[in-house]
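The structure appears below as structure tokens.
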Amino acid sequence: MRRLLFLLYCATAASVSRKQDLQPDVIKYTIQMIGYSPEINDDYVAVSRPAIEGYIVGFEPLANADRIHHILLFGCTEPAHTNGFWKGGETCAPGATHILYAWAKNAPSLNLPRNVGFSVGHENDGIRYLVLQVHYAQPFAGDVRDYSGVTLHITQKKPQNFAAVLLFASGEPIPPGKSQVQINMSCEYGGNTELHPFAFRTHTHAMGRVVSAYYKHEGVWTKIGARNPQWPQLFEMIPTNPVIKKGDLMAATCRFDSHDKKVPVQMGSMGVNEMCNFYMMFYWDASEENPFPWGAMCGFQERSDEVRAGYPKEGTQLLPSRPDLEHHAAQSKYPFGIIEMGAFTNIDGVKLGQVAGLTFYNGNLVIFHRAGRVWNQNTFDQYNVLLDKTPINDDVILIVAFNGNKTRLVKKLGRNKYVIDYVVALFRIVCQQFASRFYLPHGIYMDKDGFLYTTDVGSHMVAKWKIDGNDLQLVWQSGQKLLPDSDKTHFCKPAGVVKTDEGVFVADGYCNNRIVQLNSETGNRENEFGLPGNGPAQFNLPHDIVSMPTGGHLLVADRENGRVQELSTHGDFIIEWASGLFSNIYSTDAQDDYIYLLPGRASRESEAIRAFVGRAGTGLIEYSFAPTSRPFGQPHVIRVSPDGRDIFIGDIANGKSTLWMFRVRQHAVMVPS
């Protein structure tokens, strides 16, 4: 339990993002799962956090339908349990139970209207704790831990109107063998405070076709909302301005299709059950009485004759088909997972040295390894000068094709061929000087035109290469060979390299804590940025650098600060990913909406190293993974294939240099927020 509580503290702490895209008086407060891996089908778990005093004006989900069936966020006077994490469907202890937010099927973020907010953490609102309940449909494949959750946008400025959610929910079973079954719920509103519905959400399982709600005032039915529950289950804004007053009849109905069922289908929380839910988000004047101090729910069939006789037919009719929304909301038939496909120590008979760099070329993987050379405490002197100044006389670049987990060596490059071919003593020194290429490989990048860019921490050089048959032709090189320094003509153990439309960017990391920009055509220096430190755009060993798939920004693995920083190509700080779950980050990559982070050392002796995956634009970790055959040794570099299907990790553990391959199964498509 100590471990769970530690992870809970790390993963669900309130966070104030350094990304300044909110109003000045709004902070971000995140509540997340603890790094949980579901153990059974329909696994329900919950975490609780004390509610900070304020007013919630927005909800930002951190979840994906591949991993999560749904999330509910409750405001409670007391949580069901006091240990911060528990299994099962319990949420709040007896007392006030308020639904604040619900998410499923890749619904996007929700921002409340101006001057509307959920009051939490105050003595008079009854919400002292937040409880996040997560429903996992099935266990994951592979060793995956989940950190899904919700980020709340909270202000200290009291709004003119308070928000709440009223849930229509039915427990009535669905009869079998019918193409249309209507399940109704209705309640007469008895409060004195006027309700102003402004958003709604629907939820069923697979049999639901449409869910709607109306209210009846002075004999007239007015629509609150209707939605296909197979679409993303977001809170949809109501375009009109309905007002519910005392004595009005509130009603909702769910349409189900049970034509292929042989027995009644019960309502319940399991996947084999169904659900009939309509969430009505509303506000009331903050100066008036709270209409539902203990929570708002309608699960009855009051004035049912009126509902059966007069409920608008429009509310039971199917909505026009939206294949795009159904695709966005689709959940995989297979369990989500990061599946270990292989741990390779040799490729077609070529023994792998320390796998320092990875990139891709025409659908193939490019491996940059150190062959028989190992970086250890005897490799450099106290001035960062390489002690063994002989180049590596083996092919250090391997181009590998994969078919599933079967490998085929397409090409090997980088050997100092001239040294081997010419053995005449008169020419040996001249040829070696001309052909010397790699001393201690580190970073590599292949651009769309087929040029390779490499860094060598041994020679302190950055180079651009052209592949010419089975050989490399040098295009340019930057730095002074075997001479480290910090001025504008030297590098000192340059680590990572990437090319963008604006040039080549080098993480000159081990000694200089800077990013150097080179002209991609000439190799001439154009700019540099970064200083030692742990503030924004400062570094403590920038070890890897990649470009974002959209936006042109850079991601820098700030190794000893234990974070990834997103920066503009001019060095402007955007956002960072950091967590108590790790203390160092050796490598990073980006694919679609996800940021990959790879520690190279365990943060605690008792724990194995895990790779982490965050969500772009959030600075938050969403899940982690690890191999299942044996633990990582000393992972050094992570790269995700261009199609997002495969993850490769280079491991430099002495005596166990390994190329790890993982298959992603399977990120659902995200709905733009």
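Each Cβ is built from the backbone N, Cα and C atoms, and glycine gets one as well.
Automatic, uncurated: that is what TrEMBL annotation is.
Listed features, source TrEMBL:
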type     : residues  : note
DISULFID : C254-C276 : disulfide bond
DISULFID : C492-C511 : disulfide bond
DOMAIN   : 53-139    : domain 'Copper type II ascorbate-dependent monooxygenase N-terminal'
DOMAIN   : 169-285   : domain 'Copper type II ascorbate-dependent monooxygenase C-terminal'
SIGNAL   : 1-19      : signal peptide
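DSSP assigns C276 (disulfide bond) to coil, not to a helix or a strand. Candidate disulfide-bonded residues: C254, C276, C511. Fewest other C-beta atoms within 10 angstroms, C511. The CA atom of C492 (disulfide bond) is located 67 Å away from the CA atom of C254 (disulfide bond). C511 (disulfide bond) falls outside any helix or strand according to DSSP and counts as coil. Recorded residues C276 (disulfide bond) and C511 (disulfide bond) have their alpha carbons 61 Å apart, per Cα-Cα distance. The average pLDDT computed over the domain 'Copper type II ascorbate-dependent monooxygenase C-terminal' (169-285) stands at 96. Every protein chain considered, the tally of other Cβ atoms within 10 Å of the Cβ of C492 (disulfide bond) stands at 22. For the pair C254 (disulfide bond) and C511 (disulfide bond), the C-alpha distance works out to 64 angstrom.
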